[in-house]
Amino acid sequence: MASYDYDVLVIGGGAAGLSSAGIATNLGAKTTMIEREALGGDCTWTGCIPSKTLLKAAKVVHQARNASRFGLTDQRFEVDFAGVMEHVREVRQEVYDDADRPEIFEDMGIDVRSGTARFVDNHTVSVSGDDGSEQLTARFIVIAAGARAFVPPIDGLDRVPVLTNEDLFDLEEQPERLAIIGAGPIGSEMAQAFSRLGTDVTVLDMSDRILQNDDAQLADELRQVLVSEGVRYILDADITSIEQKKGVTSIHADAAGDAVDVEADAVLLATGRTANVEQLNLDAAGVNVSRKGITVDDYCRTSQRHIYAVGDVTGRYQFTHMSGHMAKVAVTNALLKVPSKIDAAHVPWVTYTDPELAHVGALPDDLDEQGVDYETYKFPFSKLDRAITEGETAGWIKVHAKSLTGTILGASVLGAHAGELISSLAVAMRNGVTLRNIGDTIHPYPAWGEGVKRVADQWYVQKQSSTFTRALKTVFGYRGPVIEPDPERII
């Protein structure tokens, strides 16, 4: 067997890279991890952590200004935007100090290197940093180089200063008017956050709806919530050009055949992400790349079977939770030789607006297209006692399942704590737990999780047979009414 410097070499120190290196060293592999910037990646510095912190601050403002809903006095105050953003940066630093510092991983036995990684051949990687360059060899290589904000080809965009998630949280001054290009998760979350903080927000998107990967009905209900809070939407918009004059940016678009002009003090691009592959010299390693990113199979293997790619750099499911999952799949396959595949059927999607929107498994359009026989069982937050006590009654829990068995095929949730509720539904789906099983399980009251039980109860309601009821009345002499099944009845 050839001799290598390391058993596992990981390129990238974001969520996927940290997980890969951590799992590898815990399995006894001599491991090194290379990162050109601070460990933690987008999630810690420019994504999950700062965005959710900003959303929380904005929610506090919104609740204070609407305190009369709870019998209190509405609070009118000026937002200290610089203070809010400083808080955001303090929180992400706290997360880094607690979980992402190099010393944490060095104490685990991982050699952490700072620099830019570039393939020399399929087992050799050069590392260039402030201390010079070196070449390292490894038996297995895991590419976790991440992704960056995608910049769409819009006329004039290269001549106008714009924001992305990579510099949004470094703002010191609050823009009076913010235009957001893109109505996906990032665009939707930041639209609500900045609107609640007092910015006039306009969202433009080429689609005729927001959050096009989610349940259409629930996404539209969420859009209506954001509109009620002051967010303006221009959908079905083809942006023709962007220009800036005297510090004001003008966006020119064709929206459903009508010319539209939007003026803004700042523009945020929320148009997706593109894989960081250009500097890796993948040709030298014989690793194939597509337009989306590094091509991998369901085992996270690239075209070189000893080289794996995980996380955003693959272009598949660019979520932190999927990065961790793919890291586990890749390192398990590399070191344990136990076949492990990506679980693409049970990937939770969550947009952390207020209310949150989440789904797992198949959507109605998917099932209809596949010709699957299913029923949709739903329960509104307006009938969930915990939601009523908290004043958060917007939204629905919807589960698509087999009518006969209650086998769950997919689920969507719009409402408070949707991310938590969808997690329990994902566990149920993956482990074959049916609506009958959920309905028969005792849930604490009044908890948010009771909503999942209540939607499962609807399966029982729709299974009700008037013929069976009549038989019971005949056999036992019962004198109550016969309630006919009604698919629209919710109990």
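Cβ coordinates come from backbone N, Cα and C, glycine included.
Going through Gly109, Gly257, Gly272, Gly286 against TrEMBL, the one listed in the NAD(+) site together with Gly182, Ala183, Gly184, Pro185, Ile186, Gly187, Ser188, Glu189 turns out to be Gly272. Of the listed cysteines Cys43, Cys300, TrEMBL assigns the disulfide bond with Cys48 to Cys43. The DSSP secondary structure for Cys48 (disulfide bond) is helix. Counting other CB atoms no more than 10 Å from each candidate's CB, the disulfide-bonded residues Cys43, Cys48 peak at Cys43. Sorting the domain 'Pyridine nucleotide-disulphide oxidoreductase dimerisation' (347-454) by DSSP state (H, G, I as helix; E, B as strand; all else coil) yields 40 helix, 29 strand, 39 coil.
Over the domain 'Pyridine nucleotide-disulphide oxidoreductase dimerisation' (347-454) the predicted model carries a mean pLDDT of 97.
There are 27 other CB atoms within 10 A of the CB of Ser188 (NAD(+) binding site), with all protein chains counted. Non-local contacts of Gly184 (NAD(+) binding site) by the CB criterion (under 8 A, 6+ apart in sequence, same chain) comprise Asp205, Ile210, Leu211, Gln212, Asn213, Ala270, Thr271, Gly272.
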